[in-house]
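Everything below concerns the one structure shown next.
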């Protein structure tokens, strides 16, 4: 029988531990000490043997003690029978009358299977419970096994306990026996919370990528986000509308998109000469057409198929016709008819007709189909040191750089002989160059550049910088204006705005300030004042945020804000505000506060109130639960039981004595006084002297409760039991003493750099500048207040705005007038700038150019103005010829002596021509010629042309200019070679003979060759 009993207990224990791994937690009871001094049962009988007739004590044979534990729901009136709803457990026979487990007493956290009962549970721990602990005697054959005949002692306890590692030690003193034990509730692995119902299992798989903290809160691994950390954080810069990622740092493009950031569309398959803005488009480039942009719409311009001067005409895509000149035929005018009639062979070549046209037999030194190609002696690059090779007939000539000489530019020239250094200590000749040791304040190859504001290259868009007296001037290319050539040509000239609206220039655009009755780009449309305002009004929801997505038909996904927590509903208010509508039982700005139903205190007689949701529960002290202490019939041998507060009293009969009328000899035994009290026999009664901390007739009432020190913080409710206590925390607090504020900011709820402020059961997002909303997902539009004035364009930025100002305006709001710029001689000068014109000074004043007429005095270097060349002075020119009015009488640099008389027949408008005289007619477009241009200005520029420099290498070249007598838009030019040096107003250079002037020389001055 004993063998089967042990097997039964071991199997029960195995089943108990086997179920732990599947439960959410377990209830653990550890016996510490058991004392049954007389070896009696609860009914007064001896466990084993007979009672001694003299002293009425039981024989030396002890009880075979084992324990049973029943864990039930919280019961106001406890029933010791029935099902153990939360579970049950038992031990095998673990001792006799009295014993203890030393390891359990000295180290309560040490694992010791002796005297331990574990009851697993697979439900949310309810905190409150009823515990029934019973000591039994194993049947030795002396008693019947029915009912409670073998019961030694029973302990009933109703309490609350939170899960944790710490144990609560309980001392129970019964009528027959006393025992001490400890209890605790522990959550299973991966279970957390006050009810062991918060599951958090760390994982790194498809279902999530997170770890768990000590409170069971999920914390995302690096590169993951979301409630369950299942959303990967894509590569920075990835377009989330066109790209996705399944792992951190990826950017996988959706169908139709490509590129490292999925921001480039895929064109239609087979698209040849086309582009796309959206996937599968094929927008043709210029001069291409067809479905795949494969059709050449300008075959003539792309292929130039017509030969021999034929005119090409496009007919259809990839089709053309050639209009051939006289003497040619064929599809491409490639067939010559009597080709030699037009003498196509140049440079003395002999023409021979052949079936395909003609053939030229070229003389020595010439080649090509028409003998027009001079044999290139420069093909072998004979000129060294950067020299330029000029191919000549049966030879070549090298144009050497100034520092080199010789037939092939291999002789180093001593550049210092020509004294090139202007403002320098010395000149040092180098191989292929020279070095100037410049004075302070001078720079450049020849120390001729004063260190100025052009050194930083301030001119933009290809503008050319010129140094002024105290600033700089940018010579802007066509189409650009502004101080640094930063503004394109004024789009407001002519004014595109209609109905008398004012035009304001913008960057690459213009803005029309319409009156109240007109609208549109150019104010050309009548305004419909009854038209519905397209802007969103108060219906805009600040409790939801629209996020772009491809997953919905509208293209947006409305995300609800969780700012009101699990017990509130967010309601949008105007101006970006919101309020929270709370569920019954909750209040506060964020519905985070549970209304305290324990105020005012509803529990009487020192009961402890536990607040619920719109409810409360009272835990009464011992004796105030309408418990009849006499219901267990503790009085023996005919004694009458009297029920007292948390106690009872036995009125003994027939000279029976003791607390329960169980003895004939003495009022005292080991169990009369509880909790270490000392019993004194006073004849017909007894008195207990209690240890410190205990009171009552049998020392059964704790004098000072463990909750008297108020160990529970932050409004937690203390529930004491024995020498331990449990804290019932308010929402938002956790820990053994409710000292830890639960982190409502995990996971991070604030967007766009917002800082989360953790409250008690609530959080608040402090948004970064430029953002608003409950969770900082709304970008504030700083342009809503229209801060930019005078037709400027407002560009919204993060926590700021940018005003793109029209021409003439500046400042953060374009409120500053900076003056109008001036246009002069094809250049734009900023307001207030100065510059030199020959030996005169000009200044721009609010769009008006003011210049001095002439300065006759010699200007020294100390004034900061460049003087006339040495030997010349500034004099008034009385005979300048105006070409583009208005012209002023400017001063010019000239010698003080009168000019010598001019003796030549080669003059403009003369009609004279010979081997040393050439005449050219320059015809100009007057709209492109700057105002104030004189004939002398045009003539002066001709000397700088490369062809003029080449002609004047060995002989003197005289250039004369005058207005054309026959065409008011033309200037007549005469060039004379072998002429002696003349007066300064005659533009003379060195020259030997005058070959044909190429047409490109004249086109650079907007003219064309007339003769």
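Our numbering is plain: 1 for the first residue shown, then up by one each step along the chain.
Glycine too: its Cβ is placed from the backbone N, Cα and C atoms.
Any TrEMBL annotation is an automated prediction that lacks curation.
Here is what TrEMBL says about this protein:
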- 185-229: domain 'DSL' (DOMAIN)
- 187-196: disulfide bond (DISULFID)
- 220-229: disulfide bond (DISULFID)
- 324-333: disulfide bond (DISULFID)
- 336-372: domain 'EGF-like' (DOMAIN)
- 362-371: disulfide bond (DISULFID)
- 374-410: domain 'EGF-like' (DOMAIN)
- 400-409: disulfide bond (DISULFID)
- 412-448: domain 'EGF-like' (DOMAIN)
- 450-486: domain 'EGF-like' (DOMAIN)
- 488-524: domain 'EGF-like' (DOMAIN)
- 514-523: disulfide bond (DISULFID)
- 554-592: domain 'EGF-like' (DOMAIN)
- 582-591: disulfide bond (DISULFID)
- 594-625: domain 'EGF-like' (DOMAIN)
- 626-662: domain 'EGF-like' (DOMAIN)
- 652-661: disulfide bond (DISULFID)
- 664-700: domain 'EGF-like' (DOMAIN)
- 690-699: disulfide bond (DISULFID)
- 703-739: domain 'EGF-like' (DOMAIN)
- 729-738: disulfide bond (DISULFID)
- 741-777: domain 'EGF-like' (DOMAIN)
- 767-776: disulfide bond (DISULFID)
- 779-815: domain 'EGF-like' (DOMAIN)
- 805-814: disulfide bond (DISULFID)
Shortest C-alpha distance to residue 805 (disulfide bond) - which of the disulfide-bonded residues 333, 661, 729: 333
Distance, residue 196 (disulfide bond) to residue 699 (disulfide bond) (CA atoms, angstrom): 37
Number of Cβ atoms other than its own within 10 Å, given for residue 324 (disulfide bond): 21
Residue from 582, 729, 767, 814 whose C-alpha is spatially nearest that of residue 523 (disulfide bond), among the disulfide-bonded residues: 814
Contact between the domain 'EGF-like' (488-524) and the domain 'EGF-like' (374-410) (at least 3 Cβ pairs under 8 Å, separation 6+): no
Distance from residue 333 (disulfide bond) back to residue 362 (disulfide bond), taken between C-alpha atoms, in Å: 24
Among 196, 324, 371, 729, 767, which are recorded as disulfide-bonded residues, the nearest neighbour of residue 582 (disulfide bond) by Cα: 729
Close in space, distant in sequence - residue 229 (disulfide bond), Cβ under 8 Å, 6 or more apart: 208, 209, 210, 218, 220, 221
Residue 767 (disulfide bond) and residue 400 (disulfide bond), Cα-Cα, nearest whole angstrom: 70
Cβ neighbour count within 10 Å of residue 409 (disulfide bond): 23
The domain 'EGF-like' (703-739) versus listed stretches 185-229, 374-410, 626-662: most Cβ pairs under 8 Å: 185-229
Candidate ranges 185-229, 336-372, 374-410, 626-662 - greatest C-beta contact count to the domain 'EGF-like' (741-777) (under 8 angstroms): 185-229
Residue 690 (disulfide bond) versus residue 661 (disulfide bond) - Cα distance in angstrom: 21
Nearest of the disulfide-bonded residues (187, 196, 324, 814) to residue 371 (disulfide bond), judged by Cα-Cα distance: 324
Rounded to the nearest Å - Cα separation of residue 690 (disulfide bond) and residue 767 (disulfide bond): 64
Helix-strand-coil residue split for the domain 'EGF-like' (626-662), DSSP-based: 0 helix, 11 strand, 26 coil
Proximal residue to residue 776 (disulfide bond) among disulfide-bonded residues 187, 196, 652 (C-alpha distance): 196
Cα-nearest neighbour of residue 409 (disulfide bond) within the listed disulfide-bonded residues, 514, 591, 729, 738: 514
